[in-house]
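For reference, TrEMBL has these:
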- 51-64: compositional bias 'Low complexity' (COMPBIAS)
- 71-127: domain 'Syntrophin split Pleckstrin homology (PH)' (DOMAIN)
- 276-370: domain 'Syntrophin C-terminal PH' (DOMAIN)
- 35-65: region 'Disordered' (REGION)
Amino acid sequence: MFHFDNTVNLIIPCLHESNKILQINFSAQREENHLDNEGASQLRSEDGWRSPSNSRPSSGSYSPTGMQRRWIDIVTVPLMMAYVTRYIFGTDKLRPNAFEVRGLNGASTGIIHCDDAAILSQWLKYITDNIVGLTSLQMKLYNRNFPATERIEYMGWVNEGILNNNQPWQNYKPRFLTLKGTDVLLFDSPPLNIMDWLKCGLVFKVYQTMFRVIKDSENVDERQHCFLIQTSGHESRYLSVETRQELLRIENAWHCSVCQAVMKLGSKTFSVNTSSGKAAGLTLDWHMGFALYDTESKTYSWKYKFSQLKGSSDDGKCKLKLHFQNAETRIIETKNLTTFFFLFKQELETSSLQSLLFCMHAFLTAKVASVDPAFLSSITP
């Protein structure tokens, strides 16, 4: 049996009768360790054992022999920024009807086995709901110290697939994923103060990063609920979470972060060469749309709104074609007519094609989201 202490800690107690432990089976990362009925008198508070007076109700506190019984808490795991997992640590293998909770302070419940899938599902929901609620509260506390443009949209644990050259499979490493302002951050452990935010070793710009949910048929192993984070100039990162709901939370938070980041950025210019070999700058502007700036004449060669982009193609290396619809040039016939839309193709060459494509995707995603009042209200600080 285990319970919550004011929804902040997960506590695993054992029943204690007249200084004798009646029953407890406790397993950690190694094989199960059994604590027998002897030697209970040697338990001390400094060994992590404690006996709070309010850990269990008084009903049934006396045995048939008249000896007093009480619950002793042997493990306490803080749920603030903790995570619960059914997977064997570092692998893609699910434990049957079992789970583990790992706390921010390194504490672990060990492996908790449930009698059936229904009980397992119920406890996973209770624990996950508490973790999400406490982490959301911590996000709000952090956001009080950050400006609106740097607010946190998401914090939570994911597992990253790590390729091992000596093995034909990949291991998994816990990462703490955060979406903050214009940045995507991956920590080895959650940030506990403002200074920790400055020490993150993996930081990417969300408007130059692609988020893609992996289809079940594309999973590389037995891990479910996987997604890719692709950033120009870096290797793609293969990540997974425990539930479909958590994956949807990350996806929604990602869209919010992209929209806010693009609005804050305003515009982004990439150095390109036109088909004639001239150097130019392709600008993505939140208000103006697409614009090609001629560096020699210092004027814009052309401008198009985001809505005028009808398609694009590239060679996967450095060449990009953008297909725009001219808003003014249309052929209109008076009877039995078909309206033709002339597509103007601008062929560009850039040394950072992937970065440009990711940024284009971010601007277009944000522009589409900006016309949805419900979405805009959800990202309002």
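Heads up, residue numbers simply count up from 1 along the chain you see.
Yeah, the Cβs are placed from backbone N, Cα and C, and that goes for glycine too.
It should be emphasised that the depicted structure is a prediction, and the values quoted were computed from it without experimental measurement.
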### Task
Quick one: average pLDDT across the domain 'Syntrophin split Pleckstrin homology (PH)' (71-127), no decimals.
91
### Query
So how many of the residues in the domain 'Syntrophin split Pleckstrin homology (PH)' (71-127) end up helix, strand or coil by DSSP?
11 helix, 22 strand, 24 coil
